[in-house]
Amino acid sequence: MELRGSGQLTESPSGGQEDATFNLLILALTETLSLGGLLGNGAVLWLLSSNVYRNPFAIYLLDVACADLIFLGCHMVAVVPDLLRGQLDFPAFVQTSLATLRFFCYIVGLSLLAAVSLEQCLASLFPAWYPCRRPRHLTTCVCALTWALCLLLHLLLSGACTQFFGEPSRHWCRTLWLV
């Protein structure tokens with residue numbers, strides 16, 4: 001599409017080619033940035049998992065890095081067929097599985113970041129109370145509950161909105177998305 005002097009949009013002869021080139025450039029940039037994220041999260045996982053002394057925030061960061069690593073890995077694999085259009089196609093089951101795992105890890109990562117923020121706020125607002133009264137295994141329990149509740153939420157959303165209940169129920173789907 002080109003904008004002429006009169007303000008009208010007209011179809012350019014190479015418009016389709018320009019769009020395809022732009023999309024390919026964006027996908028290649030996405031792959032490059034995702035590879036950097038994979039390397040960074042891998043380094044964080046390696047450094048935090050080899051550390052003998054674990055404080056609560058290191059455990060949160062370990063879980064966030066794990067969720068992000070899985071998310072980025074699924075995203076990189078899911079984008080490959082778009083980069084190699086016509087040369088490589090995944091079966092529908094693989095595409096659905098990648099999208100499902102990617103969405104699940106995205107939700108887990110966001111939830112863990114919210115938990116880290118909440119714990120940081122508590123530590124800042126109550127500096128004298130927090131180190132003394134904080135339960136010892138709170139971080140581990142919060143991380144395990146976050147993974148479990150996100151899995152439950154994801155199963156409920158995919159079940160209500162797609163395959164488990166037969167005909168997709170709009171009422172259940174809207175209710176679960178609001179929750």
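Any Cβ shown, glycine's included, is placed from N, Cα and C.
Because TrEMBL annotations are produced automatically, they should be read as predictions rather than curated entries.
It should be emphasised that the depicted structure is a prediction, and the values quoted were computed from it without experimental measurement.
Feature list (source: TrEMBL):
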TRANSMEM  20-48  transmembrane segment
DOMAIN    40-179  domain 'G-protein coupled receptors family 1 profile'
TRANSMEM  60-81  transmembrane segment
TRANSMEM  101-126  transmembrane segment
TRANSMEM  138-157  transmembrane segment
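Looking just at the domain 'G-protein coupled receptors family 1 profile' (40-179), the mean pLDDT is 83.
Applying DSSP to the domain 'G-protein coupled receptors family 1 profile' (40-179) sorts its residues as follows: 111 helix, 0 strand, 29 coil.
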